[in-house]
Each structure stands twice: as structure tokens, then as C-alpha cells.
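Below: one structure, written as C-alpha cells.
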């Protein structure tokens, strides 16, 4: 401490310097005062203790005594090297610890008391002592960035690969770059590789797995509980031992066992932040709504927001699955109970399902048309000449057109109305019955001559004047897939009954108009008839919607008018 004269002299000098310099000088002087005061208090304490010792030797008994571990830790916490040396000389173990497993060496490595650290190590303190969370003194020194203590601990044989309860080694916890360089240099000098590091990390879990296999071989109960009510699955869940937990779950270990505090394995995994373990337990039926004795759910025990979000997502998925299962059961029972009712249960596919269904149909349809168009072009060129030759021979031989196989007109009309005479199906539509030959689905050719114009004979004078529905279609460009979709959708929506008079209008043509209409019918992609027999007339513009044209029904023909036989 400076004398009074020195302080006055310094004060006169400080009046001439800037304010910043005076502030620095004041801070320096204050630090010296505090240091002197601390030294004074420590000296005073020592004098008191000496005086007490002298009095105790006089025959007076102690009234308060402390355990050696408490006294040693208290002296280390105060950085009292002399008292620590006194305890060590009196045969007090340097490895004594408190209820948390913390030794004097741990405490000195945290507070950076280098002198006491050397003193404890020189008296045989365990350099790799572990507390309740498996932290060694090297973990503490590396975490705090005390490079001088790290060097001392390594010189005394500290384990560089020691793993704590979180699975971290000293170099995992070190954030100070110079200290980390020292640790990594020592690891490289000892020949530590990444394979060895991984092996050391997995060693605790591997030991637990081997113990579980021994219990299985001995036929012991895997739901065994310890003194706190914890099972092996609790331990695996708290430490994040996934392989050990999977082994236990595969052998039927219960996931809902509670310890004395009401904790299930999922609570332990949530409290210690074991996210993969929580997912594994939930997938095996662990309840996210289970509560402890303190009415806490697993999500209430989480400290990390990321883990809370994960548990909320798992809970939401679990609720959705349960609701879907209940809905499925209720729908099955409802269908069973209302089997006789009509239209009470309406099932609609979702918009996405319908869109995917239409897309698949259109893709398949496009592929089908690419294959079929090439085959039909080749087929058309092959038998197109046969058609003309057949028609010419028939016109020369028989002025009255007829079917190659005699069929009554009434039966023919009946078959058409019932849909028994169908042409090849193209684009999901039925090909019309025409007066020419067609290629059937099995590859055969169905031949048919022109039919006489019965429409005039049975009182439909306006039918013959109707222009052919495909008269303007021949000159159009090939239809696109979009047009095919629109035509097909329109044809499916129409649900009108088949009009038999369309047959007469389609077959009552002259030889010239018939030859012009053959090409669109044989080589065209779509038919003017829908799958339910409805005739659809298309305008010249391909983009216009199809129009339905109705005609008066043909009167029922009598069988006596046309016989099945004729005189040639």
C-alpha cells in the first residue's frame, strides 16, 4: 500500500493529465487496493486458525466437525494450497468426492488453480476420476479452455478418449482453438485414429448389448428393474443406445413400464434429448400422452425447441393414423348395416386421386393410339383394294344389296339396339355399324353389303336428306390428344338411348358418297357413336363440343314384309 505522501504527489500529477489517463490510473489503484484487502483477510483467517489450534491443544474438545471430503473440497474451492497440503499430509485421500461425484481435482480444473492441481497429482490423485455424468478433469479443463491444465493432465496420463454420459470426448467439448490444437496434437502423437474413436464411443453400448445377450441366454427377465424402478429400456432410452433398445424391443420388452417417479422410457429419452430413441419408442407403441407422477408428458420434459417440434409432429401423425383407423372401422360397419339402403353412403374420390386416374388413362390412351394407328394404316392399305373389288362384284351380280348371311331386318335392328353388333372399339367408343367391311378385335373381317333405304318406305322422308355426319371430317387435320379427351368426355356424359334410325341414315348412301365416307370410318380414330350407343355429331371445328341430334323413332317393322328367303 502506498504512503499518504506518495498519494498526494500522484494526485498532483494526475491533475495535469487527460481524463482518460486519470480514469485508468484510478482503476489500477483500485485493483491494488482490492488485492491488498484480500491478502489481509486471508492472513487474518490464518491467524485465527492458529489461535484456535493452540486453544484446542489446551484440552478443549471440538464441538463441530466436518468430513474430510467436505474439508478438502472447501479448501480447494478457496484455493488454499497450504490447507490442502495439510490435509494431504494427514493421510486424507485426494480422490474424495461429494454427492455429485466431484473431486478436488475436478474443482481445481474448473477454477484454473494450477498450484493445487499439481499438488493433488503429486500426492496420487486419480487423473481420470469421473463424476456422476462421467466427466473427467480433462473434460473440465478442455471445456473451460485452460491450456496449461490440459498440458499438465496429459503429462500425468489423462485419457484423451474418455467418453462422458453424452458421448462426448474432451476434444468434442473444447471451443478454444489453441487448447484444441494441443489436444489434437497429443492424440496424433499417441496414434489415435478415427476407427479407435468410434470404437470407444460405442464401447458402453456394446457392453450393454453383450450383457443383454447373456441375460437372454440365461433366460432372465428383460423387464428387470433396479432400486429406482428403472428397466433396461429406461437406461437405453436415457443414453440413446439405439441398438440395445432395438434388441430389447425385439424380445418383447414393454414400453409402458414406469419407474418410481412415473417415468416411462419415452420420458427419459425426451428429458435427455435422445431424438432417434424417441422416434423408435413411438414407433413401437410408446404413448406421447403418458404422464409422470408430476403430471408431465414427454413434451413437457424437453428443453430443446427442435425436439419439441419433433414430438409434436409424431403426436400429430399418431392422431391422424388413429382417426383414419376409426373412420375405416366405422365405414365398414355402416356399409354392413345399410346394405339395403340406396344411395345413403356416397363415396367420392379426392381431387388428386381423380386427376391421377385421368392422367393415367390419357397416357395409356396416347400409347394405345400410337401403336394402333401404325397397325391400322398398314391394314387399311392391305384390304382397301379388296373393298372396292368386292363392292364392284356385288353390284354386277346382285342389284339388290343384302347381307352375306341372310338376317331378318327386325332381328338385325334388335341386335343393333341391344348392342350385339359392335364394331371395333376405338378410344373407348363403339364403332358404328356401316355398310362396309371392318376389322374386328380378333383380326377377322366382317363384310356387309349396303342395305336398301327403308327409311322412305316407313314414313321418314327427312332422314335421307340429312348430310353424313362425317362429311366434313375427312379434310380435317388429325385430332390431337386434347380433342380426343374432350370428345370422349362428352360422349361418356351423354346417356340417351340408341336411336335405330341412325342406322338407316348411315347406310342409305350412294356408291360415291359411301366410298368417300369409308376412309374416315375405317381409318378414323373415333366413332360417331359413344359406348352407350348414342350418336354424336361433330362440327367441322374440332374444338367445338359435340352436338346430339335426335330423330324420330322408326316404326316397328312387321316380319311379314321381308322374309328370310328370296327367289334369285
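Even glycines carry a Cβ here, placed using N, Cα and C.
Since we're looking at a predicted model, the values are computed, not measured.
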69, 495 - residue that Swiss-Prot labels as phosphoserine: 69
Correct range for region 'Disordered' (source Swiss-Prot, candidates 505-527, 528-550): 505-527
Per DSSP, the repeat 'ANK 3' (228-257) contains 17 helix, 1 strand, 12 coil
How many of the residues that make up the repeat 'ANK 4' (261-290) does DSSP mark as helix, as strand and as coil? 16 helix, 0 strand, 14 coil
Local confidence of the prediction over the repeat 'ANK 4' (261-290), expressed as mean pLDDT: 90
